[in-house]
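What TrEMBL annotates here:
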ACT_SITE  A:Glu319  active site, proton acceptor
ACT_SITE  A:His320  active site, proton acceptor
BINDING   A:Tyr121, A:Gln183, A:Asn206  NAD(+) binding site
BINDING   A:Ser229, A:Gln251, A:His254, A:His320, A:Asp353, A:Glu407, A:His412  substrate binding site
BINDING   A:Gln251, A:His254, A:Asp353, A:His412  Zn(2+) binding site
2 protein chains.
Amino acid sequence: MKIVNGVDSSYLKRSVDAGTEEQRIIVKDIIANVKNAGDKALKEYTLKFDQADLSSLLVSEEELEAAYEDVDKEMVAIIEEAAENIRSYHQNQLKTSWMVTKEDGTILGQKITPLDSVGVYVPGGTAAYPSSVLMNVVPAKVAGVARIVMVSPPNADGKLPSAVLVAAHIAGVKEIYKAGGAQAVAALAYGTETINSVDKIVGPGNVFVALAKREVYGDVDIDMIAGPSEIAVLADETANANEVAADLLSQAEHDTRASAVLVTTSQVLAEQVSAEVEKQLSELPRKEIAQKSIEDFGLIVLTETMDLAIESINAIAPEHLEIITENPFELLGKIKHAGAIFLGRYSSEPVGDYFAGTNHVLPTNGTARFSSPLNVDDFQKKSSVISYSEKAFVLNGQKIAAFARLEGLEAHARAIEARYKNK
Amino acid sequence: MKIVNGVDSSYLKRSVDAGTEEQRIIVKDIIANVKNAGDKALKEYTLKFDQADLSSLLVSEEELEAAYEDVDKEMVAIIEEAAENIRSYHQNQLKTSWMVTKEDGTILGQKITPLDSVGVYVPGGTAAYPSSVLMNVVPAKVAGVARIVMVSPPNADGKLPSAVLVAAHIAGVKEIYKAGGAQAVAALAYGTETINSVDKIVGPGNVFVALAKREVYGDVDIDMIAGPSEIAVLADETANANEVAADLLSQAEHDTRASAVLVTTSQVLAEQVSAEVEKQLSELPRKEIAQKSIEDFGLIVLTETMDLAIESINAIAPEHLEIITENPFELLGKIKHAGAIFLGRYSSEPVGDYFAGTNHVLPTNGTARFSSPLNVDDFQKKSSVISYSEKAFVLNGQKIAAFARLEGLEAHARAIEARYKNK
């Protein structure tokens, strides 16, 4: 792994695959067809893209039971425990409505309500990610969303992966449909005979899914479009090189465009980690992916002081940040931008990816400067509440009318004055 | 005004001006030029589009002083009082970091930090909207954003409207630049010699501004793209027809595509309001705009019961909702979707537009189903915090490794196991 002094964070920025104009046209066409022909279009696309000839889109009770048979009992218990941890952590994020009352009788407040319905997209393909099901569904459930719908493209045999079905059931999803790609996003946004539309669509997907989400945005809400993933490790001489190397590689194995960065004040650690990464790389099943990621977007940054190291971290605004130093809590206050902050050697990133309870859907590619992990707020909305008393109105009405006239909005001023006339 | 029984809310949905392909190309070109040529491009576009030949982009101390001279002292005091009310209301939204500690030593939490920098776009043109400056700037200030930058297109004489400058100063903006359109958005997103880039851009604008915001989204954050505005009034026989009519018209005067709807259980009120709207319309300075809006998107919905009326309201998911009934608080719990809820006859919409303290940047066109008023959360971001104890790690490490292997992510499992080997 390359070692440099200081870092220009723009070096690590990767382009986000926004899709081509051609792909955009394909997606628009798919959405129009699903809007138009509903289930029929959905099934035709599923046959075409997923080679599955479906009689029913809905996953049946029997399929769910078969999925439970298929997954190791111990594994089911682990998924249940993870779901419980996620639920427990996210409960702390739940906001309540509030109001302030004034002596003149005025009441101002904020009413917080869950979204009515949410659609969760779960990608298909070779790997199944039950953890991603938990991370997207549980916060919606905690927020109080009454209807949570899951969609995922079936395999050619018309089935969804057992572990995904089990995770969905544990998370509390009652409606699961076999549909993927832009066609599933269209069905969630506009509804078909079988699938009622939802108010928000979340979950990762390929470029067609991302383009479709962008296209329906406004008619429904969407979550952020995820970019390539990254980890930054901030470490001093007390860190173990083999642990740091393993953590960097756990990110690198995701994607050739993933990024793994060590920022350290210790030259010894820098050199040891560089060597360890090479050694561990050679023994990884996904070594080709990890190697390309490390070559293109892996970096060890050596700084003279911890303050300079932290400056580098804030410039990167990493999705995942591990702080493995003598006293990591001492540094927490200085970290301005990071999706998730893992403190100390036992807080290896996979602890948060799977189990501790925090969300693994995090802002990528430097967007931690302005974005947050997926959280309960994403599934609630606010309404302002204004109850103006007669007293407050009499006291302030003329000021409000004057402000409206300053902006040339005469009808606004007259709406105020209509009340005076009626007194 | 047309009176109907029950409402299909889709009738009221208006298309959002998403811009043409041609406009999109123009905007992309402007952004590329500003990225490339910085201030020079910015000044050239300002000469071309705003007919202003600027020597300096920054609004000077002298200009600010002159603006104060230009605005009526009483009006300055009203703007100051409104700003204070907005500040006071939004203070209640401020979230704090939190953590939970477990007996085994684990700490999980959420660290909340303000964005570093925010750009506020303020539209130019004939009308100046100082209230919009307050509504966009104050929540950012309350959130703790250190750097708030305002941009607005100058008039042909190279000046910004005095009331806008005064409002910006009162709200606490220290950097104001004379730049508008897509070029100003590009400058905020990518920076020029004079204007440093920001992390988020908020504020309304024309179609070029909206397209530019869409284009830079991802490199920086943006607020929602506002659609046409609307009001719904929910009233029973206790409401005054002339007040309801005045409120409907205060929305209609904004825009020919604004929508104004009365939902009522009272046939008498329905007929009176219909007549009052016609009468008041004829006396409005902006009557042409208001008339077109009422004709195209105005509606009186008559329902047999209050529950059916509320069902209509929730289907519309109005930006502004006024409840003018005998006991409006009784109905608050049943309102699921609305940007701002105004209770009682003295809570006329302009009270919230200008003065009470709630925000007037609200979700439009039915998006209150999933969106919220502009608020302090929009200017803060969250970081998850995970400090796993050795005890928790030893207890759960193998489960985490098993979960990672279930998903085929071997390097994740090995990151966990590296810690065991070192023990």
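The backbone N, Cα and C atoms fix where each Cβ goes, and this holds for glycine too.
Taking the features listed in TrEMBL, we show where each one sits on the structure.
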residue	record	Cβ contacts under 8 Å, 6 or more apart
A:Tyr121	NAD(+) binding site	A:Val151, A:Ser152, A:Gly180, A:Ala184, A:Val185, A:Leu188, A:Ile201, A:Val202, A:Gly203, A:Pro204, A:Gly205, A:Val209
A:Asn206	NAD(+) binding site	A:Pro123, A:Gly181
A:Ser229	substrate binding site	A:Gln251, A:His254, A:Asp255, A:Ala258, A:Ser259, A:Glu319, A:His320, A:Thr364
A:Asp353	substrate binding site	A:Ser131, A:His360
A:Glu407	substrate binding site	none
A:His412	substrate binding site	A:Ala401, A:Ala404
Most crowded position, judged by CB atoms within 10 A, among A:His254, A:His320 as recorded positions: A:His320
Among A:Gln183, A:Gln251 [binding-site residues], residue with fewest other Cβ within 10 Å: A:Gln183
Near-B candidates in A:Tyr121, A:Glu319, A:Asp353, A:Glu407, A:His412, the recorded positions, by Cβ under 8 Å: A:Asp353, A:Glu407, A:His412
Cβ neighbour count (within 10 Å, all chains shown) around A:Glu319 (active site, proton acceptor): 30
Largest separation between Cα atoms (Å) of residues that the record links to NAD(+), namely A:Tyr121, A:Gln183, A:Asn206: 13
DSSP three-state assignment for A:Glu407 (substrate binding site): coil
